[in-house]
């Protein structure tokens with residue numbers, strides 16, 4: 001993981017962005033809504049600018065922050081389909097998306113990602129998939145939705161794969177719940193790296209970002 005002082009330095013170099021993003025970041029901080037860390041999302045968005053995906057699937061909408069950041073990063077691309085299980089978060093995300101004028105590009109599917117595959121598959125194929133939902137279900141999400149990728153060269157991004165640095169030694173922390181999540185993520189990382197049909201790199205930015213390119 002990046003040293004805290006280096007992380008703050010990198011964050012200080014991030015340029016200005018639309019006011020709505022600052023507002024969403026503040027809301028997420030005050031209401032304890034998990035959103036992607038600044039350095040991690042900057043790396044992912046830069047990769048998407050290079051990749052130029054025409055259709056993106058996001059698993060884990062929260063308040064719509066990542067979806068709107070992706071929409072802004074690839075403005076000439078097509079649709080973003082995003083899944084969220086929490087109804088209150090869906091409503092908040094819809095408000096932000098409408099305010100940003102992106103409601104024609106971003107479709108929210110309300111439901112458990114493990115139960116709405118048929119609804120999501122109607123929008124397939126996807127050029128990129130971003131997984132940022134229940135950490136213990138990452139392997140199931142990956143297995144279920146990776147088949148909806150369009151072709152070789154398409155990318156699956158997965159956030160939080162280093163989980164506060166605990167994946168290196170899940171037993172090091174005192175919090176048993178966090179240790180259990182870290183252990184599941186460590187197992188997921190080992191499984192992900194072993195998938196021969198994907199070329200995977202894990203970047204120590206934000207809370208850890210896995211980038212898996214379909215071969």
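Placement of Cβ uses the backbone N, Cα and C atoms for every residue, glycine included.
Copied over from TrEMBL:
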| type | residues | note |
| --- | --- | --- |
| BINDING | 36, 66, 84, 132 | S-adenosyl-L-methionine binding site |
| BINDING | 132, 159, 160 | Mg(2+) binding site |
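The number of other Cβ atoms within 10 Å of the Cβ belonging to residue 36 (S-adenosyl-L-methionine binding site), over all protein chains shown, comes to 25. Note: the CA-CA distance between residue 84 (S-adenosyl-L-methionine binding site) and residue 160 (Mg(2+) binding site) rounds to 17 Å. Compute the center of the Cβ atoms of 36, 66, 84, 132, which mark the site for S-adenosyl-L-methionine; besides them, the chain residues with Cβ within 8 Å of that center are 35, 58, 60, 61, 62, 65, 67, 82, 130, 133, 159. Residues 36, 66, 84, 132 are the ones the record ties to S-adenosyl-L-methionine, and the longest Cα gap between any two of them is 15 Å. Each residue contributes its Cα atom, and for residue 160 (Mg(2+) binding site) and residue 132 (S-adenosyl-L-methionine binding site) those atoms are 7 Å apart. Report note: the Mg(2+) site is defined by 132, 159, 160, and the residues of the same chain whose CB lies within 8 Å of the CB centroid of those residues, excluding them, are 36, 40, 60, 131, 133, 135, 158, 161, 207, 209. Note: the CA-CA distance between residue 132 (S-adenosyl-L-methionine binding site) and residue 159 (Mg(2+) binding site) rounds to 5 Å. In the three-state DSSP assignment, the secondary structure recorded for residue 160 (Mg(2+) binding site) is coil.
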